[in-house]
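Annotated region 'Transactivation domain' per Swiss-Prot: 1-202, in sequence order, evidence recorded as sequence analysis. What Swiss-Prot lists as region 'Disordered' is 207-291. Among the features that Swiss-Prot reports, compositional bias 'Polar residues' is placed at 207-233, 249-259, 275-286. Swiss-Prot lists 264-274 with the feature compositional bias 'Basic and acidic residues'. The region 'DNA-binding domain' annotation in Swiss-Prot covers 286-367, and the record cites sequence analysis as its basis. Marked as SUMO cross-link by Swiss-Prot on the basis of sequence analysis: Lys293.
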Amino acid sequence: METLATRLDVCQERLLDLYEKDSNKLEDQIEHWKCIRLECALQYKAREMGYKVLQHQALPALAVSKGKGHKAIELQLALETLQKTVYSTEPWTLQDTCLERWNAPPTGCLKRRGQTVDVIFDGHQDNTMQYVMWGDIYYQNCDGEGWTKVCSNIDAMGIYYMDAEHKVYYVDFKKEASKYGEYGQWEVRMGSSIIFSPASVSSTEEALSISSTGTAEHTRPANSTPRTDNSTKAIPCTPPPRKRARVYSTDQQPHSTSDPVGCDNDRHISDDNNKNQGRHTSSGDTTPIVHFKGEPNTLKCFRQRIQKYKHLFEQASSTWHWACVPGTTKNRGIVTLTYSSVEQRQQFLVTVRIPPSISMSLGVMSL
């Protein structure tokens, strides 16, 4: 016990010295990961022996120490092979060789000089994600010994680096658009240049490619006009219209007259509830409502997201479901919103984007 405590104390003192030194030499970064590796091994052994506290220090769980130790070994070996190359004389800081940087895309590579790239999905400024284009990427060769230094580049398809003659994309805009968007459209902004989604550029438009060094080929500044010939014109990326004209009646399905690509194919509106709009109750004290139906977690997130639109509805219920109804499952919930008028409800539906996984039914409710 005393031997473990003493060795752990010496190891952590050495780590503090390295942090205070804040060196930019590769050998110091290798020493740092050796100390992390030893610290994890000592903590693992102490926990394995049944100790939960060592030197007034709570010991992490066995799985935590083991996982962190494996990562320390991985980084130590990578830096030791880098030390045998010409890149060992370059300045290397703790930040350059930290685990978070190592795990950032592209994973398993050393990276420096990052530049932020903004990607806007579906033309909505509030649906923007940020990615990093690296000025320097160091990746290991196939033999596991040598290293190659490249810079990352960006085009309409994603962010990549060159491995010999092949593009290795570590950010695929199409996959990201399917994850964060609904219409498969995206716009990339970096500095003064804009790169549009391939689906919105004509076949005569030349491919855009920008390197992290600041050089660009066929780039289009944000305030410039696309090049055209006499017969073909480049089509700019136009976001889907925010306003959809919906027509509700007792004998006609709701439809969109301004969305040619069928963006609402997955959204169902019940006609049975729409018929209630024309029904008069004896009390006359009724309010327009919308039932939003979907998976409970999705509905919870949706209810939180619409808080910024409080001026467009009166009240929102918690998630509920029908009881004693055949076919009803607790995996499908309902959130009900009330409105002061039909006009307010229509304004809400025009303004707020409803996720395609949520269906809705319109109606009225007596208060």
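Cβ from N, Cα, C; glycine included.
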Message = Considering every residue in the region 'Transactivation domain' (1-202), what is the mean pLDDT value?
response = 89
Task = Taking helix as H, G and I and strand as E and B in DSSP, count the residues of the region 'DNA-binding domain' (286-367) in helix, strand and coil.
result = 27 helix, 26 strand, 29 coil
